[in-house]
Amino acid sequence: MKRCLTWWDLIWFGFGSVIGAGIFVLTGQEANEHAGPAIVLSYAVSGVSAMLSVFCYTEFAIEIPVAGGSFAYLRIELGDFAAFITAANILLESIVGSAAVARAWTSYFATLLNREANSLRIHTNLREGYNLLDPIAVAVLGIAATIAMISTRKTSYLNWIASAVNTVVILFVIIAGFAHAETSNMKPFLPFGTPGIFKAAAVVYFAYGGFDNIATMAEETKNPSRDIPIGLLGSMSITTVIYCLMALSLTMMQKYTDIDRNAAYSVAFQNVGMKWAKYLVALGALKGMTTVLLVGALGQARYTTHIARAHMIPPWFALVHPKTGTPINATLLIVISSAVIAFFSSLDVLATLLSLSTLFIFMMMAVALLVRRYYVRETTTQKDLLKLIILLLIIIASSMGTSAYWGLKPSGWVGYVITVPIWFFGTLGISVLLPQQRKPKVWGVPLVPWFPSLSIATNIFLMGSLDSQAFIRFGVCTIVMLVYYFFFGLHATYDMAHQQRKTESLKTIDHEDTKANLGP
């Protein structure tokens, strides 16, 4: 692909790919149902967890600057099976994420027209959560994908413009929100208790999910070792601060019980007497969600391209159009699948499934980073490899134990006395007992193994805060993924590897024959 992006492009891509449906829609939903005014802490918790994952992504993106993102990194470090499970979750995240944003786009568009959020959807007698059909979401997805297929550079220009407009609206929301703030609206601060903070944090994690799209653009970045760390860390730091300020301004402007679930900011401004402002906010939200769809169409297609290059899905999806220099087939796969889901499924159904899938991927990335630092094939001894596997299992199991205990007894403490020290000593074991076999050449995650281990623990903890329905949907999707892998993906990747070995051996024979014919 064409190398045409700089760190400036990546910061705006990061800003554009993250700030959209999450903050404008999920803030109202989660403040109203789970967190109350403490939604600001939910965004802070999710932001810290996302930043830990950003560190892991940054090191991989510099060391392995290819378009495949987390799929490529996990395939190199953990092998084909782990990579396929992650690849399937990436595709699921891409499809569901785009569908969720497109559904939110329709809600805010209705608000802009001074209508009720669901008024533009077709009401049916289907099951609750799937009974509001959304043709506008389908159209928006199609337009965004078409722009992304035409040119990466032109999409970048459009993203700059839309993100600049979105920035102005966000600043207005924060300043005007605090100008109409009532401290009495912040009481009670924890109406749903501490569990509500983490339950909301797990759902709003969706709002941070777009940053991994930047890592997929390494193949199109002029100077990956410099541009990607600036782009990823810069955009995520700015985003976290903005999210917390926006969440705080909303809950200070309006009582959490009165916050509208679908178009929170627009309705809040209307209720404080700034009716004209609701149109500005709705327009800004639409701009933000449009950039999320644009950047998502770029990044998701590049993920899909790399997965197809590995033959885990048909290689036809890996083709890059000779004129546009973009992966049109991969883009079509994502947008058509997203459009079908967006047409039927409501935002709350999509958000929990998306958050669970995203948290799983980020947890796997942290595991892969530890494997990369402490294991090198044919260098690491079998004894050290066994130690690494045991200590990783201890970290993961203790993190799951902490998460499970939190779900069963949120007010208890006995379980943490057991699980947290086990996690600590598991991480300490990696630090003390194992030598680092590979250190990054340019930039790497600080405080290894502590940062990656903490990323594993926080991601698993947030996963455990989601409801059982999210796990049921996730389990069904995982079973479908495994069936596909064992009946198709496994054979395709084996055939590809066999073909590569055959090609390499033929090249070796040809080279030796040439040398023999040329003589000494």
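Here, residue 1 is simply the first one shown, and the rest follow in order.
Any Cβ shown, glycine's included, is placed from N, Cα and C.
Remember, TrEMBL labels are computer predictions, not curated facts.
Per TrEMBL, the features are as follows:
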- 443-492: domain 'Cationic amino acid transporter C-terminal' (DOMAIN)
- 38-62: transmembrane segment (TRANSMEM)
- 82-111: transmembrane segment (TRANSMEM)
- 132-151: transmembrane segment (TRANSMEM)
- 157-177: transmembrane segment (TRANSMEM)
- 189-208: transmembrane segment (TRANSMEM)
- 228-251: transmembrane segment (TRANSMEM)
- 328-347: transmembrane segment (TRANSMEM)
- 353-376: transmembrane segment (TRANSMEM)
- 388-407: transmembrane segment (TRANSMEM)
- 413-435: transmembrane segment (TRANSMEM)
- 442-464: transmembrane segment (TRANSMEM)
- 470-492: transmembrane segment (TRANSMEM)
Taking helix as H, G and I and strand as E and B in DSSP, count the residues of the domain 'Cationic amino acid transporter C-terminal' (443-492) in helix, strand and coil.
40 helix, 0 strand, 10 coil
Stretch in 38-62, 82-111, 228-251, 353-376 most in contact with the transmembrane segment (328-347), if contact is a CB pair under 8 A:
82-111
Go through 38-62, 228-251, 353-376 and flag the stretch with the largest number of C-beta pairs under 8 Å relative to the transmembrane segment (82-111).
353-376
Is it the case that the transmembrane segment (189-208) and the transmembrane segment (413-435) have 3 or more CB pairs under 8 Å, with pairs at least 6 apart in sequence?
no
Check the domain 'Cationic amino acid transporter C-terminal' (443-492) for me and report the mean pLDDT.
82
Going along the chain, which residues at least six beyond the ends of the transmembrane segment (388-407) come within the CB cut-off of under 8 Å?
195, 198, 367, 370-371, 374-375, 380, 415-416, 418-420, 422-423, 425-427, 429-430, 433-434, 453, 456-457, 460-461, 463-465
For the transmembrane segment (228-251) and the transmembrane segment (413-435), decide whether they are in contact, meaning at least 3 CB pairs lie under 8 A, counting pairs 6 or more apart in sequence.
no
